[in-house]
């Protein structure tokens, strides 16, 4: 995935470009990795030629170089592409939700985001659950600053503009959180939900598919509170963040501050990340602050 995205960006941009991406080729260059490198090269070449866009054949070294072009550190100067080639690896392995997430930073700000969610049902998760009954799955979300957010089925049919949920009463809101308990403190999320009066049980799904689902109004709140010591990476949130904000939502840390993508590969956030619509945000921030105070060990 990283080799493909990196190669295509280089072909299309035809200029020096900077890519901050999650993977590198270190393990693929080790002894004994030859067979998997050949399989990857075959897949990359098949993907490049199958739709007729590119009439090229990459060598294994070309593929490894394409993967390694994602070594940029990002930062506040110039433009940087930010890629998570498979976000939600455990969801991917389980056959559940995962996403391919690409964003463009300009001067440290996210100006463009694309989120492909191959397993996300085309209809709302409220109706379909995580698995669509007719197997109608596969959504592409894209957004640019000032242009709104669009969702397009991966089969290439036409895109529709999407908006976050307009729910104002927290009792009617539903919320998303990470599927893996290791990725987010579920007990803190449930205390926050309790304080808000949220009635619906949490929808637990992997990856930035949560941002996509929230941007089209499947749920109204997304809470992410990693365990102490974890530092968020920019590729886990950049694309999702603009997809939600351009659909009318708000993304902040637990102190209500916007996420800062200008500091390199990491996001330094206060305690966690909270996402909702503009009406619910003040109530949610309040519930978060109260819950954190209750959870804090008394000195």
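Just so it is clear, glycine is given a Cβ too, placed from its N, Cα and C backbone atoms.
As written in TrEMBL, here are the features:
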BINDING   22, 84, 86, 87, 236  Mg(2+) binding site
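Overlay of TrEMBL annotations on the structure.
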residue : record              : contacts (Cβ under 8 Å, 6+ apart)
22      : Mg(2+) binding site : 2, 70, 83, 84, 85, 233, 235
86      : Mg(2+) binding site : 1, 92, 98, 99, 100
87      : Mg(2+) binding site : 98, 99, 100, 101, 207, 208, 235, 236
Subject >> Lowest local Cβ density among 84, 236, which the record lists as binding-site residues, within 10 Å >> reply: 236
Subject >> Additional residues surrounding Mg(2+), by Cβ distance to the 22, 84, 86, 87, 236 centre under 8 Å >> reply: 83, 85, 88, 89, 99, 100, 101, 207, 208, 233, 235
